[in-house]
Amino acid sequence: MLGIRSSVKTCFKPMSLTSKRLISQSLLASKSTYRTPNFDDVLKENNDADKGRSYAYFMVGAMGLLSSAGAKSTVETFISSMTATADVLAMAKVEVNLAAIPLGKNVVVKWQGKPVFIRHRTPHEIQEANSVDMSALKDPQTDADRVKDPQWLIMLGICTHLGCVPIGEAGDFGGWFCPCHGSHYDISGRIRKGPAPLNLEIPAYEFDGDKVIVG
């Protein structure tokens, strides 16, 4: 019996000071309260960032829609401005009463902002225009190529040199003379002398009874 008691006492030896300290620290640690990390501030920041980003996306989209609408309006305005109005169409043609032009006289009318010469030619002028040698012309054209009715010569009153307006019934050939640089045109409006390279231009026109419609 004594031997057994001795063995038991041997098994339960007193704890050392170091062991007691470790156990005490473990108990204190187990009793201490660990704080759970608070993510509210982070979540709030993320939510604020998401809201800001969503607002930015909304503004970009809205500006895109406004830009598209503005571009569409601009295109529609541009196209509508290109559509010819009644006034513009009226200016595209000009009607002249030929009965009001005396024989051997010129009139000047305005067509699309350009002067148009209309000459009521005499029989002598018609004969003179047809008697010209083509080899003597800088820009060869017969009179028949330049008129629809021999007694009516209709052409643009713009010098083919630099765009000045020639003077009627003047020059060395009894037709038109450009005072800017000295070009002379005959009674058919053909260049005969001076720096102009071409004859006076013939516009599109048609006769309608006693009237002519230019354009």
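For all residues, glycine too, the Cβ spot is worked out from N, Cα and C.
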Range annotated as region 'Hinge' in Swiss-Prot, from 90-93, 154-157: 90-93
Rounded Cα-Cα span from C178 ([2Fe-2S] cluster binding site) to C164 (disulfide bond), Å: 7
C-beta crowding around C164 (disulfide bond), within 10 angstroms: 16
Least surrounded among the binding-site residues, given as H161, H181, when other CB atoms within 10 Å are counted: H181
Cβ atoms near C180 (disulfide bond) (within 10 Å, other residues, all chains): 15
